[in-house]
Amino acid sequence: MAERIGFIGPGAMGAPMAANLLRGGFPVTTLIHRNPGPAQALEAQGARIARSRSALLEECPVVLACLPTSAEVEEVVLGSGGVLESGRPGGVFVDMGTSRPASTRMLADRLGIRGIAMLDAPITGGVRGAREGTLTIYVGGAPEVFARVRPAFEAMGRTVLHMGGTAAGHLTKLLNNMLSLASMAALAEVLPLGVRLGLDPPLLVQALAAGSGATTMIPGRGERILQRDFTASFRIDLAHKDLRLAQEVAQDVNLPPPVTQAAAMTFTMARSLGLDAEDTVAVVKVWERLLGVEVRGR
């Protein structure tokens, strides 16, 4: 029988991930996190809701956390009733957020003293990927621990890659986000510029998607911009956080990453416009406002 999985952080990404675990035959225990609705929806699908964090940790040999910041993960591990205090020796704690690698190494060391293993397993693929079970999951940690948790990962994701030891997953995710967010910043600059120069917005998106500069994101994100759909799948404030973490790890090896710095500047400008809670595609508004145009479909 599959091990019971504790799921901390059933939010926009976490709730559908936990639902896919249930559909995959894994018993799941969760906690109410900010809004009770997602946990209650999971309960209706067969999950248990623990009365406290310590109760969840005592019940579940494998615990997954899907939280937005390193500070929140550290509190779950080191805080009162947290994994360090209440987790089961021989158990596994998995951080599925995008966290600071130095923090990941520190937590893994602290948990290891108590006989609790840790994996870092950040995800990419957005809310749609979480719903459809098609996420990509980058995993760092001991191979035997990865093998133990892999069936759960495969219930949530289509591509599951063991990248190496502790923090290798988080490092890979930051590199992925350096690339994807720089591409998003470039698209957000190019589209308003094209409109300001007199080009037709839908035709421009079509042309870019078919050109040598094409990436897989242009059709989908370009269409969202044309439709003015800025509903958050990946919030601007969290993207900006990831770019700051990426700059930190680059500077650790004496690289001041110029392209990432430029992308971070675009996201800083977006935050100054009050766009924190909007999707990353909303960075297009920075250049729209500067150029006095709007990228909109017919």
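Using the three backbone atoms N, Cα and C, a Cβ is placed for every residue, glycine included.
Straight from TrEMBL, the features:
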ACT_SITE  Lys173  active site
DOMAIN    4-164  domain '6-phosphogluconate dehydrogenase NADP-binding'
DOMAIN    168-287  domain '3-hydroxyisobutyrate dehydrogenase-like NAD-binding'
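Mean per-residue pLDDT, taken over the domain '3-hydroxyisobutyrate dehydrogenase-like NAD-binding' (168-287), amounts to 97. In the three-state DSSP assignment, the secondary structure recorded for Lys173 (active site) is helix.
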